[in-house]
Amino acid sequence: MLVWLAEYLVKYHSGFNVFSYLTFRAIVSLLTALAIALWMGPRMIAFLQKLQIGQVVRNDGPESHFSKRGTPTMGGLLILLSITISTLLWVRLNNPYVWCVLIVLIGYGIVGFVDDYRKVVRKDTKGLIARWKYFWQSVLALGVAFAMYSFGKDTPATQLVVPFFKDVMPQLGVLYILLTYFVIVGTSNAVNLTDGLDGLAIMPTVFVAAGFALVAWATGNVNFANYLHIPYLSHAGELVIVCTAIVGAGLGFLWFNTYPAQVFMGDVGSLALGGALGTIAVLLRQEFLLVIMGGVFVVETLSVILQVGSFKLRGQRIFRMAPIHHHYELKGWPEPRVIVRFWIISLMLVLIGLATLKVR
């Protein structure tokens, strides 16, 4: 939005030309989202406390979690507002990639909001019925997938980028729609499963978003794209602004979500952030890179799948509790230790993922 205003004002003062620089807008997008989150945080926490919108804690969970009962939840609204406002201020609004991410972010946020509302306000422990949750997630993901396929059909935008192989980029055709669906829905639910400890989900989200900001910058630059042997996508550059907004909003939220948390993001935050990361990965043609950089989310999800599968097939559990972060809690690890170690692993995976762009 401000880019267009600056382009009009530059004829009166050349200083406004700075708004055309992607790096400048990326930095101020991060700072804007961070400032909004820090300013709105105390006000939103007070508002949620006034409405008595507190976290529901399972009775069969770790005993250390019982003290979390009543902590304000649905704080993901703070993240979504910060990201959306900052993005709309600093991005070029005629970019279709940006709107794809925002549609998924807001749409999945609404699904998560309804789920949280039913759990916390209406005291329905099941929340939004699972089949309806997956139905609306699927509708949104497929809608965006069809739109993206129509826009980039038979171009580099629908190729599959395989790590370590610079010349292996098969054209997916209609399979692109199916892959997009699974990546968006899968990542959304993976982040949701990871969001079980104070700050556990938000920091890996920040790391992955920061990694994708670098990838988006390279993908939108023809020289760097050719150098790294990745598809050049002219619309990808503006995703840098979205990614840095996620980083800023995430850090701002972490200010209040760090152990011991003053607020939880709830499904409104985790489903939306996961969906946004999945959409960004698909738009950049880096689905495999998401698996590497988002390895913490992948392991958390696999731990649940293995736990459920093992119990149904053998009547035995593999872990003391799933997702796997609860397993380590029940082994006696203090919550902050689990959180920080998962953060360290997440940072390492993001760096490894970025390194694969060059190792081809």
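Keep in mind that glycine also has a Cβ here, set from the backbone N, Cα and C atoms.
Copied over from Swiss-Prot:
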| type | residues | note |
| --- | --- | --- |
| TRANSMEM | 27-47 | transmembrane segment |
| TRANSMEM | 71-91 | transmembrane segment |
| TRANSMEM | 94-114 | transmembrane segment |
| TRANSMEM | 132-152 | transmembrane segment |
| TRANSMEM | 168-188 | transmembrane segment |
| TRANSMEM | 199-219 | transmembrane segment |
| TRANSMEM | 236-256 | transmembrane segment |
| TRANSMEM | 263-283 | transmembrane segment |
| TRANSMEM | 288-308 | transmembrane segment |
| TRANSMEM | 338-358 | transmembrane segment |
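Stretch with the most C-beta contacts under 8 angstroms to the transmembrane segment (94-114), considering only 27-47, 199-219, 236-256, 338-358: 236-256. Taking pairs at least six residues apart, the transmembrane segment (288-308) and the transmembrane segment (199-219) share three or more Cβ pairs below 8 Å and count as touching. Sequence-distant contacts of the transmembrane segment (27-47) (same chain, at least 6 residues past either end, Cβ-Cβ under 8 Å): 72, 75, 77-79, 81-83, 85-87, 89-91, 241, 244-249, 251-253, 255-256, 262-263. By the count of Cβ pairs under 8 Å, the stretch nearest in packing to the transmembrane segment (338-358) among 71-91, 132-152, 168-188, 199-219, 236-256 is 199-219. Relative to the transmembrane segment (168-188), the listed stretch 132-152 leads the set 71-91, 132-152, 199-219, 236-256 in CB pairs under 8 A. Across the candidate stretches 132-152, 199-219, 236-256, the maximum count of CB pairs under 8 A to the transmembrane segment (71-91) is reached by 236-256.
The transmembrane segment (199-219) is in contact with the transmembrane segment (236-256), judged by 3+ CB-CB distances under 8 Å for residue pairs 6 or more apart in sequence.
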